[in-house]
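J.: Next up is a structure, given as structure tokens.
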Amino acid sequence: MASLLDPPPFSSSLLSNTHTSQLAAQQYLSPTIYVEPFSSHSKKASAVCSAGGGAVDPSPSQNPNLALERTKDRQKVVRVAWEKLVRWSRSWRSKAKTDVLERTNKVVVLGGGSFGTAMAAHVAGRKAQLEVNMLVRDPRVCESINERHYNFKYFPESILPENVVATTDAKTALRGADFCLHAVPVQFSSLFLEGIVDYVDPGLPFISLSKGLELNTLRTMSQIIPQALRNPRQPYIVLSGPSFASELMNNLPTAMVVASKDKKLASAVQQLLASRNLRINRSSDVTGVEIAGALKNVLAIAAGIVEGMNLGNNSMAALVAQGCSEIRWLATKMGAKSTTITGLSGTGDIMLTCFVDLSRNRTVGVRLGSGEKLDDILTSMNQVAEGVFTAGAVIALAQRYNVKMPVLTAVARIIDNELTPQKAVLELMSLPQSHLKALVQQGQYSEALISYTEEPHFPLNATKFTFPSLLKACAALSNLYYGKTLHATINTLGFRYDPYVITSLINMYVKCGSFTSAVQLFDDMSERDGLVRDVTVWNSMIDGYFKYGLIYEGALQFCRMQVSGVKPDGYTLSILIGECRKLLGYLGGKQVHAYVVRNMFDDDPFVVTALIDMYASCGRPIQGWRVFEMLGDKDNVVAWNAIISGFCENGLWENSLELYMLAKNENCILGSATFSSTLTACSRGEDLGCGMQIHCDVMKLGFEGDPYVGTSLLTMYAKGGLVEDAEKVFDAKLNKEVEIWNAMISAYGGKGCASDALNVYLQMKVEAVSSDCFTIRNLLASCSMLRLYGFGRALHGEVIKRPMQSDVTVQSALLTMYSKCGRMEDASAVFSTMRERDVVAWGSLISGFCQNRKFREALYLFKVMEADGEKPDSDIMVSVTIASTGLENVGLSRGVHGFVIKNGLEWNAFVGSLLIDMYSHYRCPIMARDVSLDIPHKNLVVWNSLISCYSQNGLPELSIGLLPQITHNGLYPDPISITGVLTAVSSMAVLLKGKAIHGFGIRVEILSDVQVENALIDMYLKCGSLKYAQHVFQSVSRRNLVTWNTMISGYGSHGECQRAISLFNEMGSSGIVPDDLTFLSLISSCNHSGLVNDGLSLFQLMKEYRIEPRMEHYVNIVDLLGRAGCLADAYDVIQAMPIEPDQSVWLCLLSACRVHRNIELGELAADNLLKIDSTRGSNYVQLLNLYVEAGLREKAVNLRASMKQKGLKKSPGCSWIEVRNKVDTFFSGDSSSPRTVEIYETLSGLRGNMIKRRGCDEALECF
């Protein structure tokens, strides 16, 4: 992107005179080959040469002796520097030889081609004792090398060193090798390596001399080698550069680059191969070196074609320069470094390959250009031309990475016989202008500007049609500097008065934020009469005024245009109508509509479409329909699209679908926007049936490849719950734009499949598709679901690097992500950097503080927001209500309720449901009921909150009574409603009502929810119906941990301990891991059944599952041992507890001591019990009973007197019974029941019957 900041190659200063322009053009068009210097020594030399440069030297003509002395001094300095360089070079070579070369005993070369032969000879010449084995397939080549010491196919005139041997046996060649030089062509490498994989050592370093792309898979050698050898850790390094096999064989100076991410391996290979004639540089950019090495062969074919057609050096230079740019664009998209592509292994290698006759790929191109057939050329060659095969992968690469490569693609088409060389060259010579326009039309603005900057013929061959595309690119990128530079070039070339160019310039200045420059340009141009009368210039200026919010000035320009004699066109009025929609509102729009009618523009399709859009955005779709009805030509699909979209935006999606059917019946030619709007209506109405029919229409008319239609289809299926169908739509898309990626990510996120959403993003990165704000927002939502802090932080880093960091919606999503991950410091840091904070941003941070239980910070931020003048919405008030409840401050919570009423939000259902929950928490069910009465339109959330409130606050009858009210208000209960009512039924143990609710759940088909099934099991168990509970348990298809725990607890409470243990074993077999509640239920069951050993075994089993016992577990163990009379063991358990025992533990021990008459331990337990809580009467009662039953009347009297003095008494027992759908509750010693007289009469009658029965029994016994 750095080149975008530079001006184009020619500006006004460069073209100030003819001589300068010609000289500049010659310099620009001449090819330049860059030779890399020895950087460290060149710096020293420059430092030496610049020494003493601060003083002004006397003229040599004035003092010849002084000039001679200085010349000698400089020669001496240069000689000394050169001697140091030679000494350093010798020491380095000596060290290299000692470090690597001397330790290397054997090198194997795979392949017997020209480069393999040359490298074998080069390495063998480095060390006479080095064993160099060449693994070849041809026995004749093997015999030639071993017996006559030359390769009869390649370099038959060159004698190979005697330490070079050849073999066809892979095992022999690879045994004991220290390095492996891979010189097999890419297309045959995979098969070749798979054949020798059994003999390759996993640690053997591979040095790849082959460069190219596998035709079908597009794999490079860095991917082929580890995959073919089935070892992803196989050491690997790339060797590339401007060098040929003949140079190595003839000991000519050359240079190469070794590329590897392993610095030690790169250094070792450098020391192994570097010699006096071969310089080796190092690089870590494997991708850049490989891609440049692969595609240079394709570009060499293009250069050869130009040579074969005798088109001259200028044409070849222009073609190669364009090809170099294409290679750089592709490599950069694939992750390569730009410095690599312009360095020795990039441009250096490419230039040498394209301009020197030693390349066999260039030879193929020359022969193609001269008219030969490709098949004849390949048949006559004794060696593979890699460029021919790599060219087949160019088109696939261009599509995958969305890169335009006209030169390289043309070579591929020539090889596939789709294009003749002559036609291809003609197309390429006229490429620049059309190429720029195509890039801009496809949204590749940066690439268009880079292409212009690096195009050798620009701006000499530029026309007035070139600059509008470039100015549009500048506007899209907001690159004002580049736009001004283009403006200067336009002035120099004489296009400054062209209306087409002026319009583009004004648009560029407006969109780049320099409206003053646009106004100045317009005022300057207004002096020319021809321009004043051009309506397009006026339209650009009026549009600019409106975009900057200068409504009055824009309207003034509209009037001034008419005064100047320029009549507005349809586009002018479309601009006015569009601004009415945003700024002037419905009344302003009606005024413009009147102007349209008066001036007879009401048949203009663009104006009519703008009017329909305006009325729809103002919430008046019927007015838009009337405009549409007045339209004479109903064949205009744009108007149909506008009215369909207008109805959909206003919630009238059924009308949108009807209009779609009308459009079909009118034989209107439907387009992409038609299907997108109609599918959006199906999504909002969740009408999958109609959506599938439209999908059929889409396929019939061939719009399934359209990105907008595809995105709408995917969204429609996702919102309808058919994610699999959405995946099919996604997979069917070949060229996926960012919109459809976003839709797929959003679809997964909306269905809770956050992991799938993140996988789609990773696939998107592999496809090199650039993300946008929507992508990041959806991904951050997925990170929030999975609490992926690291991934979310990485996304934040990506956001910071791009302009989207200032997007408020993205920043709000970041706030939510950090809050969900518990990183409130990071969330606060993001919030502090936000320049514009909307209500969503405030709400995200306040909600985050609440989620992390930082309630005080949430309320403080709410006060800051209020002081900042931001009005809270319902979501913020929900968070504030949660914060006040979390602080357990009743007064503060009531104050929040008052604030809600003051701001008119008490009618909001979600705020009201939170207020109900708040009052439920404070045990104020009456206040909760009053809140519900203030909500005019109660949704299901409000009813569920009220059900839960009544149930939790001891009003189960009211909770149950709300269920029929839900249905009377036109709503259907959901699983939460049924669960809440079943909980109320369980607390009352009213079996008949529980059965009725069970039947209701079956009728409305909501019993498949596991939460409801668990509540049903619990209800039947607490109502004493073990049989029904078992039936429900057996019918549960997906049993979770709660299901198993509920049934195990039920068996225990019904005295079925062995069945509970058996069910526990069955639970383990099903793969469900027990938790602390499971063991609590089991130990409690053993306690009730007196199974001491089983209970203790289960208590020990908790350790195997790494479950720490809670207080409830210890209570049950103490009670278990106490009931069995093992009081000492029970006390030992208490003494060994890692936590402080509470009153329930000591109360269990005291009860056991009472049963077994252990006075001493009982008094100890009572003493600890009263230390914990001396205000509860039940604590004294157990000790009192112990004294009474042990005959210690004196202690009993004293304890009773102490209880009376403290005013303590035991809470009465409670029981209830359901008779004829009514529940009666009784307390011990209570006579306040309205049926007390009837109860005592019945009791007296029963007692009389019992006395009579006993008398009869005694009389019978006398006989």
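A Cβ is built for glycine as well, from the same backbone N, Cα and C atoms used for every other residue.
Quick caveat, the model's predicted, so the values are computed rather than measured.
What TrEMBL shows for this protein is this:
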type   : residues  : note
DOMAIN : 106-265   : domain 'Glycerol-3-phosphate dehydrogenase NAD-dependent N-terminal'
DOMAIN : 285-425   : domain 'Glycerol-3-phosphate dehydrogenase NAD-dependent C-terminal'
REPEAT : 498-528   : repeat 'PPR'
REPEAT : 534-568   : repeat 'PPR'
REPEAT : 636-670   : repeat 'PPR'
REPEAT : 737-771   : repeat 'PPR'
REPEAT : 807-837   : repeat 'PPR'
REPEAT : 838-872   : repeat 'PPR'
REPEAT : 939-973   : repeat 'PPR'
REPEAT : 1040-1074 : repeat 'PPR'
REPEAT : 1075-1109 : repeat 'PPR'
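What's the neighbourhood like for each of these?
T.: For the domain 'Glycerol-3-phosphate dehydrogenase NAD-dependent C-terminal' (285-425), residue counts in helix, strand and coil come to 105 helix, 0 strand, 36 coil, using DSSP.
Within the chain, the repeat 'PPR' (498-528) has long-range Cβ neighbours (under 8 A, six or more residues past its boundaries) at 464-465, 467-468, 471-472, 474-476, 478-480, 483-484, 487, 490, 534, 536-537, 539-541, 543-544, 547-548.
Long-range contacts of the repeat 'PPR' (534-568) within the same chain: residues 499-500, 502-503, 506-507, 509-510, 515, 518-519, 522, 525, 575-576, 578-579, 583-584, 599, each at least 6 residues beyond the stretch ends and with a Cβ under 8 Å from a Cβ of the stretch.
With helix defined as DSSP H, G or I and strand as E or B, the repeat 'PPR' (636-670) counts 26 helix, 0 strand, 9 coil.
Regional average pLDDT for the repeat 'PPR' (737-771) in the model is 81.
Here the repeat 'PPR' (807-837) has Cβ contacts under 8 Å with residues 773, 776-777, 780-781, 783-785, 787-789, 792-793, 796, 799, 844-845, 847-849, 851-852, 854, 857, 868, 870 of the same chain, all six or more residues outside its ends.
In the repeat 'PPR' (838-872), the DSSP tally of helix, strand and coil residues is 26 helix, 0 strand, 9 coil.
Counting residues 6+ beyond its ends, the repeat 'PPR' (939-973) has Cβ neighbours under 8 Å at 909-910, 912-914, 916-917, 919-920, 923, 925, 928-929, 932, 980-981, 983-985, 987-988, 993, 997, 1000, 1004, 1006, 1223 in the same chain.
Using a Cβ-Cβ cut-off under 8 Å and counting only residues 6 or more beyond its ends in the same chain, the repeat 'PPR' (1040-1074) has close neighbours at 1010, 1013-1014, 1017-1018, 1021, 1024, 1026, 1029-1030, 1033, 1081-1082, 1084-1086, 1088-1089, 1091, 1094, 1105, 1107.
Same-chain neighbours of the repeat 'PPR' (1075-1109): 1041, 1044-1045, 1048-1049, 1051-1053, 1055-1058, 1060-1061, 1064, 1067, 1116-1117, 1119-1121, 1123-1124, 1126, counting only residues six or more beyond its ends whose CB sits under 8 Å from a CB of the stretch.
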J.: Please count the residues of the repeat 'PPR' (498-528) that DSSP assigns to helix (H, G, I), strand (E, B) and coil.
T.: 24 helix, 0 strand, 7 coil
J.: What same-chain residues lie close to the repeat 'PPR' (737-771): Cβ under 8 Å, and 6 or more beyond its ends?
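T.: Distant contacts of the repeat 'PPR' (737-771): 333-334, 400-402, 707-708, 710-711, 714-715, 717-719, 721, 723, 726-727, 730, 778-779, 781-783, 785-786, 788, 791, 798.
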J.: Where DSSP helix means H, G or I and strand means E or B, what are the helix, strand and coil counts for the repeat 'PPR' (534-568)?
T.: 26 helix, 0 strand, 9 coil
J.: By DSSP, what is the split of the repeat 'PPR' (1075-1109) into helix, strand and coil residues?
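T.: Grouping H, G, I as helix and E, B as strand yields 27 helix, 0 strand, 8 coil.
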